[in-house]
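Chemist: Supplied in structure tokens, the structure appears directly below.
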């Protein structure tokens, strides 16, 4: 154990202040000035003094000690040096900041280009307390925009032009760019070139391009003149640094240990940074010599530029904008390259690092282990150790471990003395003596033992259940083994997967791991509360076979099976046999009774009604009479009816057996039940035998002949459609052309063939058929897989369509060109049993390849998406006041998920209680014949009183209380009343009025037989009702989200993890034919807050939603119609006086399209087309001929050629003029669902659609989040994000609790604008520099933080991990305050000047 009090507390970093070092700091921090180009001395090859490898900066040689601190290579942490530059140079990291400051100041007097009044206003905004980085950067942007527009300095009246970048690290000032008339300043500037023009007259032609060159020296002098107040306006803090520090005057030389020399065969290879430092020193010395001796200015400028590039590449070797000649021959690693990227310092060594006390090997299954155990090989157990402190209780055991030593298990590797801290390795020395000398308080690093806590992890770690705590079971052999039921959360299989093991090194860590990450506490997925640890594959098959109606066991067999599942310590009470004569037999279902309730002392009484996979309802019969025994009914842990299949013992179902035990009796009982099932099923199936062979998939003769008939019939139907298409008489489906209609019809015909053949195949295979058993019980495969093996593989689909034509208008060279026949487009009529023909094999391979490519692409896409989600949401946690806050205490949600409930504990679909099952459970547990039955009005009265209890009103959500009340009234009281009415008794929903004689008769005078018959059907007692209400309250309180829960991280994983199960390229037909993007691309669009999306669709409700004709009228108003759609022809007319285009309008088409337009409307559309620029007088309307004439210009000045070409232009552009509808709506589709008609519109323009006559504007929405925000505001955008992500997930059959999606929606919109989860959005969401640096654009964020003197308070998750600080989340969310007892009254200390001797005597007159 750790000592309770520790006086040696390590210091914790409270905050990081970023800034820019000035020359003084570089000299002060540096231990030596680096001024020599030589690395080693010529005499003895030792590091040269004042060279780049000077020993004062540390050493990279094991034999030499540091000259500054005297330590060896292992202990010296290194010291900085500095290089003094001959001339200042620009800093590549602050180049953008330098450019911005130059744009903001006068290039003569360095004053900020604002008036005094503007300065005061901006300073007031910048000095506002509590201002965040986003707001500050917006103010600085406004100042920059303002200054860029100023043409003269208000202080010195100097001209100001454009300051811009010219090539890498070059800034120019085009002072006279905006001068219209020549001014004195410009004249003077021009005259300054007179002398040069005399010498080189050719310069005159380039004089107009002359500009000021703002070299580093000039910029440095300008920056030195900036006043402290102006520094604030430039976004800098004059206390921490000034603008002139943005330029290099001294360059730091990093410690030698981060740029070590590699010695090889008498020579050394130097690090890239060392080489660059020598290059900088050499160039600087050349410039210094040139300045002292004098040299042509061109040479000096060239050397200065070279030094500038060298220093830039020293910082960032991937500097943009370099000429190929300036690029190094091989890429070098500058400072930026060492920090950024996956392998850089941030992501590779700070946020994520390699750890000690971890092991990795192949995994294999072992059903004999408990689900919370992991079998660890002896070899690993002897290497991984746990530091156990010696106490009186464990001293003897630890002494035995020490005597065994490191090579015998259970042994120990090290002993650490408590007083001296000396660590002793037990491979050497006298172990017996060491064991005898062991003192209380010493630490023994012992081997792993049984029941030690370890963390078990499989990569990729997609959600929090990818790393969980197991208990060790040390076993022989070489693999890590665990129970197969735990494969689900790890997504593990045993085809060669490897997994990692981590050993927590303190008692607190062990406890926390067990409580928070233990298997028993993580049986359900936090994504939606569904069970994730449950029976799998063979276990399900065995359970199914055992629970069939025809499975009977004698006493020997059932005793054997019961012993399979228990350990020797559990007492078993066999249930009474189901058949007594001629001999005692038990049913397979009774085995499950023992599994749930092994003996009479067990308190587990399961009550459950659930549909299994084989359930089919028969009219006029109760569900448990299902012919396939497909309705499971359990009462008090006894199976009354139903088989046990995947839906009962598998994962992903909330009405499964283990989930019910978990919710009613806790995690311990549920884990115990899963362990029993896995032991029993593995052993039972091993003895019974279960195999699959080729004869299992052999089709019978009748199946083959029926398949032949069905396939030939489908081919004939397809040929008929192809013939209609060829003749052009195929009737088009809504929103499709003939080709698309043909494809849709053939596809539906062929898919029906496979389904029909599959049905026949299922009927023909016997009940003992192994593949069919597996498909039926859900342990592996589906009925489609079986029918593909036996009967027919079916149509191959590529990107949602039949196989496309590859080359020369055909899918393969084996077919005719443009063939649409099923065989030519990927229909495989053979089964895998009969074998595929060569063409079928190729089609099947094409389809298979698409799946592989899709998976590979999807993995990278979803991985990056998950990382971005995690980075943006990781800081969010629930606080003690119920709010969800970010690390800097910004409120993101006032109540988590609008109700404060944890998705992990949701029993129903997003509800804390599954009322129906809870009611059945309460009724069966509290059944007593002697309790009096309640009447409907008594039930209502009791529940109203119970729900008005303060414990409900203060702790529960009002909606939850109302849901309970509604359930009891509708499902219990009213049902009882209806049963009474059917038995001719008064319903009694209201309390009888004692004054009314009719009411007084009541139940007392009703026949006993009738009352009994009602009670046989439904009998409600007060005890049952009380139990039900109490259970509801308990479950609700348990489901409340705990303070400190990392709701953000769990939400990010819950959205990111299902992404890996989604297909990538997925299109889905919304309604009839509006093709919408789904899957990963759609989720990406939403979380990126994309301005343009691939398939924007507006859904509009119609005022008259029953009449199709009125829907067509509205469609005509919305869908854009081109001129070419409503014209018969357009012809050119060349007359003696005028030439024009004659457009013949077809009013039959206009009436068919239900368009409300006239000739005048079409003419107006033509002259309003901006592309044509036709004056209105050139467009004339002829109503009698229903024609529009578009004339060429009437001025008569145009030549014949001009007139001809103008007519051709008109003729080309006019057909595409939009004459009706909304130009941004490409098309609209009428969709009829459940009798109601609605419109789907492809395109944008929500506001225009909402204002269209015939559309209900308040019930119109779009799937384009940004458009929703622009038209309806930020709340609408939030709702749109939530509904769109939910819809996309649901379309892929994935359930994600809405609370996770709501949190994402709130994070994206809580700043008042829709911020995408991208590097730009995250930068606006977070203020922390380290968090942004560990995400993307590492060095950019660090340079920006330094330039604006940012302060990082280190409160978020990323920052705390980088700096090794405990993150304020989970068990660390609270702070402890120790109240000291004041023994005596504290008196204030006397001040120095209160001492009388220090006072002068007062002199009185």
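Any Cβ shown, glycine's included, is placed from N, Cα and C.
So Swiss-Prot lists the following for this protein:
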| type | residues | note |
| --- | --- | --- |
| BINDING | 66, 69, 76, 79 | Zn(2+) 1 binding site |
| BINDING | 106, 109, 153 | Zn(2+) 2 binding site |
| BINDING | 493, 495, 497 | Mg(2+) binding site |
| REGION | 838-850 | region 'Bridging helix' |
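Would you situate these features in the structure and describe their surroundings?
Modeler: DSSP assigns residue 69 (Zn(2+) 1 binding site) to coil, not to a helix or a strand.
Counting only residues at least six positions away in the same chain, the Cβ atoms of 112, 113, 153, 155, 156, 158, 160 sit under 8 Å from the Cβ of residue 106 (Zn(2+) 2 binding site).
Of all Cβ atoms in the shown protein chains, 15 besides its own fall within 10 Å of the Cβ of residue 497 (Mg(2+) binding site).
Helix, strand and coil counts under DSSP for the region 'Bridging helix' (838-850) come to 13 helix, 0 strand, 0 coil.
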Chemist: Cα of residue 493 (Mg(2+) binding site) to Cα of residue 66 (Zn(2+) 1 binding site): how many Å, rounded?
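Modeler: Distance (Cα to Cα, whole Å): 53 Å.
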Chemist: List, in sequence order, the residues of the same chain other than 106, 109, 153 whose Cβ lies within 8 Å of the centroid of the Cβ atoms of the recorded Zn(2+) 2 site.
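Modeler: In sequence order, the nearby non-listed residues are 105, 107, 108, 110, 111, 113, 154, 155, 156, 158, 160.
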Chemist: If we check Cα distances from residue 76 (Zn(2+) 1 binding site), which of the binding-site residues 109, 495, 497 wins as closest?
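Modeler: Among 109, 495, 497, 497.
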Chemist: Of 69, 76, the binding-site residues given in the record, which has the fewest other CB atoms within 10 A of its CB?
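Modeler: Selected from the binding-site residues 69, 76 on minimum Cβ neighbours within 10 Å: 69.
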Chemist: Take the C-alpha atoms of residue 79 (Zn(2+) 1 binding site) and residue 109 (Zn(2+) 2 binding site) and report the distance between them in angstrom, rounded.
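Modeler: That separation, Cα to Cα, works out to 40 Å.
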Chemist: Going along the chain, which residues six or more apart from residue 109 (Zn(2+) 2 binding site) have their CB under 8 A from its CB?
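Modeler: 153, 155, 156, 158, 225 - these are the non-local Cβ neighbours of residue 109 (Zn(2+) 2 binding site), listed in sequence order.
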Chemist: Just name the most isolated of the binding-site residues 66, 153, going by other Cβ atoms within 10 Å of its Cβ.
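Modeler: 153, out of the binding-site residues 66, 153, has the fewest neighbouring Cβ atoms within 10 Å.
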Chemist: In this structure, which of the binding-site residues 493, 495 has the fewest other Cβ atoms within 10 Å of its Cβ?
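Modeler: Lowest Cβ count within 10 Å among the binding-site residues (493, 495) is 495.
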Chemist: Which residues, same chain and not among 493, 495, 497, have a CB within 8 angstroms of the centroid of the CB atoms at the recorded Mg(2+) site?
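Modeler: Not counting the recorded site residues, we get 363, 492, 494, 496.
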Chemist: Excluding 66, 69, 76, 79 themselves, which residues in that chain have a Cβ inside 8 Å of the centre of the Cβ atoms defining the Zn(2+) 1 site?
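Modeler: Once 66, 69, 76, 79 are set aside, the remaining close residues are 56, 57, 58, 59, 67, 68, 70, 71, 77, 78, 255.
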Chemist: Distance between residue 495 (Mg(2+) binding site) and residue 66 (Zn(2+) 1 binding site) at the Cα atoms, whole Å?
Modeler: 53
Chemist: Give the distance between the Cα atoms of residue 497 (Mg(2+) binding site) and residue 66 (Zn(2+) 1 binding site), rounded to the nearest whole Å.
Modeler: 47
